[in-house]
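One structure is given below, represented as structure tokens, and several questions about it will come after.
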Ligand SMILES: NC(=O)c1ccc[n+]([C@@H]2O[C@H](COP(=O)([O-])OP(=O)(O)OC[C@H]3O[C@@H](n4cnc5c(N)ncnc54)[C@H](O)[C@@H]3O)[C@@H](O)[C@H]2O)c1
Ligand SMILES: CC(C)[C@H](C(=O)O)[C@@H](O)C(=O)O
Ligand SMILES: [Mg+2]
């Protein structure tokens, strides 16, 4: 049966990086004779410009009817300047919520050839291999009320709300991942201040009894931000609420070299997932061929693994990315200094990944 991937390029460098990932996927599907079609829909600023809203119903319906979703990025100064309440980011939050994608998986792993691209000393970067499991459909991002108040709108309120069920399902996902990895789970919160964090801890402790092989630590978010810099190698799986996960995952991304390298998967309990780079629409480099497509290409590998059960094809992408980096190809965001380094643009980087896949699949007809 034909599988469908909905592609949501979005704004800024979004279309540049999704084009790259679609080319890589298309190459693999042709090579292995998989029957997969791509359908493109609008989200974010692109949807606001065309239809006045960041998440048209047609986009939601198409995503719901598909097997997986590949997203670029949304947002940019053009829409920040508009004085309306309509924002591109509402499209992204809306699609995560509409599809119930509660678990956002953001791995950070050191690539041997990028160790020197990190702002940290290589000694700290080499052992890095952790996954942030970020709760994605609750917390401060979605709590109501969220509004300006008072006669002169001189007050404001945002709400951090969670139900036990919302915490439990994402914490279980994190335990399941930890079981398959080094069996260490760090739950990050602000339990010295927030009631929601104290409940978060209780739920983690309750779920922990079902996973006796996994060692559990509770850590405060401020000290975790520091530990990520002074000893990032200590972490295996980190589970945390929506906003803390957002912040820590950007921090994590630079440890391993660049925001342009970090993929993500947003999952629920069945196979449908949304795959996107952790980075944003990078308005400062749009249209210049400088966008690093690897975060999106690696997100496409997750798409193959988690939504389409194509583990072999996913591994081919990951090995190809490693090989291309080993050969010294890099986009401008990757500060590599080796004498074999070759600076390439977005399209050339994609070409290199496809040739590296071709080398591995030369025997397939
Ligand atoms: N998932 C998303 O769609 C998403 C995520 C974060 C930010 N945003 C939106 O993106 C816009 C810009 O936000 P920002 O500037 O804070 O974050 P950003 O991630 O877009 O950019 C931060 C910096 O990293 C660089 N960068 C990011 N991705 C890169 C890539 N693939 N290759 C090379 N360099 C890359 C950018 O050039 C910039 O200097 C905002 O409107 C924000 O809301 C969207
Ligand atoms: C653009 C924004 C709404 C989004 C978030 O905060 O979730 C982004 O920063 C991310 O990390 O995916
Ligand atoms: Mg973010």
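Yeah, the Cβs are placed from backbone N, Cα and C, and that goes for glycine too.
TrEMBL does not curate its annotations; it predicts them automatically.
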Can you find which of 134, 182, 198, 201 TrEMBL lists as binding substrate at the same site as 96, 106, 222?
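So the substrate site in TrEMBL includes 96, 106, 222 plus, from the candidates 134, 182, 198, 201, 134.
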Could you measure between residue 96 (substrate binding site) and residue 290 (NAD(+) binding site) for me? Cα positions, answer in whole angstrom.
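Taking the Cα atoms only, residue 96 (substrate binding site) lies 28 Å from residue 290 (NAD(+) binding site).
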Under a three-state reduction of DSSP output, how is residue 134 (substrate binding site) classified: helix, strand, or coil?
strand
Measuring Cα to Cα, how far is residue 134 (substrate binding site) from residue 190 (site 'Important for catalysis') in Å?
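Rounded to the nearest whole number, the Cα-Cα distance is 15 Å.
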Can you tell me which of these recorded positions sit near ligand 1, meaning the Cβ is under 6 Å from at least one of its atoms: 96, 141, 286?
none
